[in-house]
Amino acid sequence: MNPNQKIICISATGMTLSVVSLLIGIANLGLNIGLHYKVGDTPDVNIPNVNRTNSTTTIINNNTQNNFTNITNIIQNKNEERTFLNLTKPLCEVNSWHILSKDNAIRIGEDAHILVTREPYLSCDPQGCRMFALSQGTTLRGRHANGTIHDRSPFRALVSWEMGQAPSPYNAKVECIGWSSTSCHDGISRMSICMSGPNNNASAVVWYGGRPVTEIPSWAGNILRTQESECVCHKGVCPVVMTDGPATNRAATKIIYFKEGKIQKIEELTGKAQHIEECSCYGAGGVIKCICRDNWKGANRPVITIDPEIMTHTSKYLCSKVLTDTSRPNDPTNGNCDAPITGGSPDPGVKGFAFLDGENSWLGRTISKDSRSGYEMLKVPNAETDTQSGPISHQMIVNNQNWSGYSGAFIDYWANKECFNPCFYVELIRGRPKESSVLWTSNSIVALCGSRERLGSWSWHDGAEIIYFK
């Protein structure tokens, strides 16, 4: 074969290989496009939630062409529908309390970016439970932490994060902006309410499904405020207790009934309760009960009983002689269902809770009568109705050598149980005013739930060494 023939033969071979390579590439491209359309055209049928993965791998070593395609498609059950929560189950029997979660936020914040918060709570939805709190818009180690002892500022926001973690700028979800809040899930979506603005003209913004739906102006011009723990929904109706007016005199309290973030009805407070703030609410047996703070007079807590079906309420005081506000006098010989029991100094009150279920009733309170230190749970049968009722069982939650703070009720209404299991949290306040060597005021959280077993006591205190922050 002469040189010209060799050149022609080599050229023809090269062109043939190039054409073959081109055809393979075109075929591979067509296959990839076909797979994409095939995955995207999933028929609309009721099938289980599954992950399907289609993989195509093409390797042409002779021409150094490598093509790897990995397509993952998540197919959701389009016919799956959520339903409104229905509060028909009773409360579970409780003989003691087991630990659920403790976030250790202050301990972790000594060496990490942890948000300064207060007024925390927990609230659950069909997927699980989350922690909530009002952030101060800064971290424990941030310079803006100076002055966070103040309750109201334009830098506060309701944030939520995964239960058990410490709140940080990296895991916290902003629910709404404000310095007073409540939040609850109706089984379909979450409603969150935040108050913000100046003391004499604050307003509330109601969010539902991640969007603002309703705005509420101040009606008394004196710090419009709400529960600082979760609200509760029944068949889509979510009552919320709000107060506007003096903290140490008669104020204007309203029970506002929402559905999907929109106002259905507004009621002025009726009944025996003389002052209402910071209610802790739970639902069972078709009824919602809110145990509140009388910041004006009472060391016994006011109770609001709400019928969400017909959107009405009544109010009275916890009848038991076991007083649960702080500060408070010594427990008297008799309780009072119809009027506040006065006494105690210097603090006018603290947010608290109770579960009122006949013989299965439990009350929470600080161990100290005069300050927010220690915490205990007392089983007090018929505390709601019996002025002679006293404790038959006791469990320490935080010892009296450590600070506590606000406390409140919550329930995982979607747990797979035949009854609603009561749960509660305790705010563990650190920093100012009691610990003035640091510039900030913040908290960690401990949460416990009911147990039919008889479990022992332990102190679930905050545990941070303030000296490490100096």
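Glycine residues also receive a Cβ, built from the backbone N, Cα and C atoms like all the rest.
In the three-state DSSP scheme, ASP151 (active site, proton donor/acceptor) is classed as coil. Taking all protein chains in view, 15 other C-beta atoms sit within 10 angstroms of the C-beta of ASP151 (active site, proton donor/acceptor). As annotated by Swiss-Prot, active site, proton donor/acceptor applies to ASP151, with the evidence given as sequence analysis.
Counting every protein chain shown, the number of other Cβ atoms lying within 10 Å of the Cβ of TYR406 (active site, nucleophile) is 25. Under the heading active site, nucleophile, Swiss-Prot lists TYR406, citing sequence analysis as support.
Taken from Swiss-Prot, the feature substrate binding site applies to ARG118, ARG152, GLU277, GLU278, ARG293, ARG372, supported by sequence analysis.
Per Swiss-Prot, disulfide bond is recorded for CYS92-CYS419 (among others). Annotation note: CYS419 (disulfide bond) sits in a coil segment as assigned by DSSP. Remark: CYS419 (disulfide bond) has LYS89, PRO90, LEU91, CYS92, GLU93 as non-local neighbours, by Cβ distance under 8 Å and separation of at least 6 in sequence.
Reduced to three states, the DSSP call for CYS129 (disulfide bond) is strand. Of all Cβ atoms in the shown protein chains, 21 besides its own fall within 10 Å of the Cβ of CYS129 (disulfide bond). The disulfide bond feature in Swiss-Prot is assigned to CYS124-CYS129 (among others).
Marked as disulfide bond by Swiss-Prot: CYS184-CYS231 (among others). Here CYS231 (disulfide bond) comes close to THR182, SER183, CYS184, MET191, ILE193, CYS238, PRO239, VAL240, CYS281: these same-chain residues lie at least six apart in sequence, with C-beta atoms under 8 angstroms from its C-beta.
Taken from Swiss-Prot, the feature disulfide bond covers CYS233-CYS238 (among others), and the record attributes it to sequence analysis. Around CYS238 (disulfide bond), taking its Cβ as the centre, 31 other Cβ atoms fall within 10 Å, counting all chains.
CYS279 (disulfide bond) falls within a strand segment according to DSSP. Neighbour density for CYS279 (disulfide bond): within 10 A of its CB lie 32 other CB atoms from the protein chains shown. Taken from Swiss-Prot, the feature disulfide bond covers CYS279-CYS292 (among others), and the record attributes it to sequence analysis.
Neighbour density for CYS281 (disulfide bond): within 10 A of its CB lie 27 other CB atoms from the protein chains shown. Residues annotated as disulfide bond in Swiss-Prot, with sequence analysis given as evidence: CYS281-CYS290 (among others).
Sequence annotations record features per position, and here Swiss-Prot assigns disulfide bond to CYS319-CYS337 (among others) based on sequence analysis. Counting every protein chain shown, 23 other Cβ atoms lie within 10 Å of the Cβ of CYS319 (disulfide bond).
Residues or ranges marked as disulfide bond in Swiss-Prot: CYS423-CYS449 (among others).
Regional average pLDDT for the topological domain 'Virion surface' (28-470) in the model is 92. Taken from Swiss-Prot, the feature topological domain 'Virion surface' applies to 28-470, supported by sequence analysis.
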To the nearest whole angstrom, state the Cα distance for the pair CYS319 (disulfide bond) and ARG152 (substrate binding site).
34
So of ARG293, ARG372, which of the binding-site residues has the fewest other Cβ atoms within 10 Å around its own Cβ?
ARG372
Based on Cα distances to CYS279 (disulfide bond), point out the closest of the recorded positions ARG118, ASP151, ARG152, TYR406.
TYR406
Compare the Cα of CYS129 (disulfide bond) against each of the recorded positions ASP151, CYS233, ARG293, CYS337, ARG372 and report the nearest.
CYS233
Close in space, distant in sequence - CYS124 (disulfide bond), Cβ under 8 Å, 6 or more apart:
ARG130, HIS185, PHE410, ILE411, ASP412, TYR413, TRP414
Report the nearest neighbour of ARG152 (substrate binding site) in space among the recorded positions CYS233, CYS290, TYR406, CYS423, comparing Cα positions.
TYR406
If the substrate binders are ARG118, ARG152, GLU277, GLU278, ARG293, ARG372 per the record, what's the largest distance between their Cα atoms, in Å?
21
Could you check which of the recorded positions (ASP151, CYS233, CYS423, CYS449) sits closest to ARG118 (substrate binding site), going Cα to Cα?
ASP151
